[in-house]
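Undergrad: Take a look at what TrEMBL says about it:
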type     : residues : note
TRANSMEM : 30-53    : transmembrane segment
DOMAIN   : 45-293   : domain 'G-protein coupled receptors family 1 profile'
TRANSMEM : 65-87    : transmembrane segment
TRANSMEM : 107-125  : transmembrane segment
TRANSMEM : 145-163  : transmembrane segment
TRANSMEM : 208-231  : transmembrane segment
TRANSMEM : 243-265  : transmembrane segment
TRANSMEM : 277-295  : transmembrane segment
Amino acid sequence: MRRNRNTSLDNVVTDFILLGLAHPPNLRTFLFLVFFLIYILTQLGNLLILLTVWADPKLHARPMYILLGVLSFLDMWLSSVIVPRLILNFTPASKAIPFGGCVAQLYFFHFLGSTQCFLYTLMAYDRYLAICQPLRYPVLMNGKLCTTLVAGAWVAGSIHGSIQTTLTFRLPYCGPNEIDYFICDIPAVLRLACADTTVNELVTFVDIGVVAASCFMLILLSYANIVHAILKIRTADGRRRAFSTCGSHLTVVTVYYVPCIFIYLRAGSKSPLDGAVAVFYTVVTPLLNPLIYTLRNQEVKSALKRLRAGRGNVDGDK
């Protein structure tokens with residue numbers, strides 16, 4: 001909750017200043033290079049996954065890898081919404097962001113982030129059906145249903161982003177205009193509002209924190225059933241393959257949801273840890289996803305080998 005300030009039109013904020021991450025001045029160049037490298041590797045890694053799924057007939061016909069391709073696409077865009085603006089904080093360039101730019105960044109951050117949240121839940125459901133209902137899996141999760149579920153996740157994410165953005169920027173902002181964060185996100189922006197933010201904080205808690213926590217619990221419930229089913233597999237090789245496939249997804253889910261819940265269930269917090277935690281799930285996680293899926297998933301590694309072998313054969317024919 002905030003006390004009302006003078007909201008005359010003369011004081012209406014037209015842009016914001018993103019203060020960015022606190023850092024020693026002598027590390028500015030180093031941090032610029034680190035985040036620039038992370039961004040490039042994130043784009044290349046996820047593009048590789050996307051192209052592999054698209055080019056390999058054995059992958060793009062299976063719902064699991066359709067979902068993985070969508071995840072890679074989301075990671076590329078989410079990284080592009082966050083990291084370039086973060087990198088600017090380590091340069092002499094102006095840290096100002098237009099009011100409309102702040103609105104757009106907050107919307108796309110929550111649109112893409114919540115879509116990713118729903119997608120992780122779909123991926124867990126897909127694995128649950130594949131392992132716990134193997135005979136009925138082709139009927140229960142076919143390409144048409146998978147496409148419908150993915151479209152639903154995108155629509156739900158868009159609605160979520162619109163609600164959060166509308167509620168945040170319906171409030172008056174009359175100064176100061178310095179956002180003590182590296183992006184325009186709800187908790188940091190609300191601290192600058194010239195009106196009571198109780199309703200916004202409650203909606204943030206329910207719509208983000210509780211929804212994320214609920215999705216996480218659904219994923220854990222799916223995996224509890226999956227582990228129970230895997231332990232019934234008689235062959236060691238079968239158990240290993242099942243754990244390998246599911247382990248990749250469970251690792252990604254953990255490094256995404258835990259920081260997200262940590263931040264949004266503590267919307268009023270001003271802890272210096274919040275920035276570091278947010279960097280992890282907004283910047284580092286999109287980088288880790290392709291690494292986790294390529295290193296732990298045998299089918300993706302096999303597809304990459306086939307893709308490389310096919311490319312080598314084409315070069316040899318020339």
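Every residue gets a Cβ built from N, Cα and C, even glycine.
Automatic, uncurated: that is what TrEMBL annotation is.
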Undergrad: Could you tell me the mean pLDDT over the domain 'G-protein coupled receptors family 1 profile' (45-293), as a whole number?
TA: 85
Undergrad: Please identify the stretch among 30-53, 65-87, 208-231 with the greatest number of Cβ pairs below 8 Å relative to the transmembrane segment (145-163).
TA: 65-87
Undergrad: By Cβ distance under 8 Å, which residues at least 6 away from the ends of the transmembrane segment (30-53) in the same chain are close to it?
TA: 21, 23, 59-60, 65-66, 68-69, 72-73, 75-76, 79-80, 83-84, 86-87, 90-91, 283-284, 286-287, 289-291, 293-294, 300, 303-304, 307
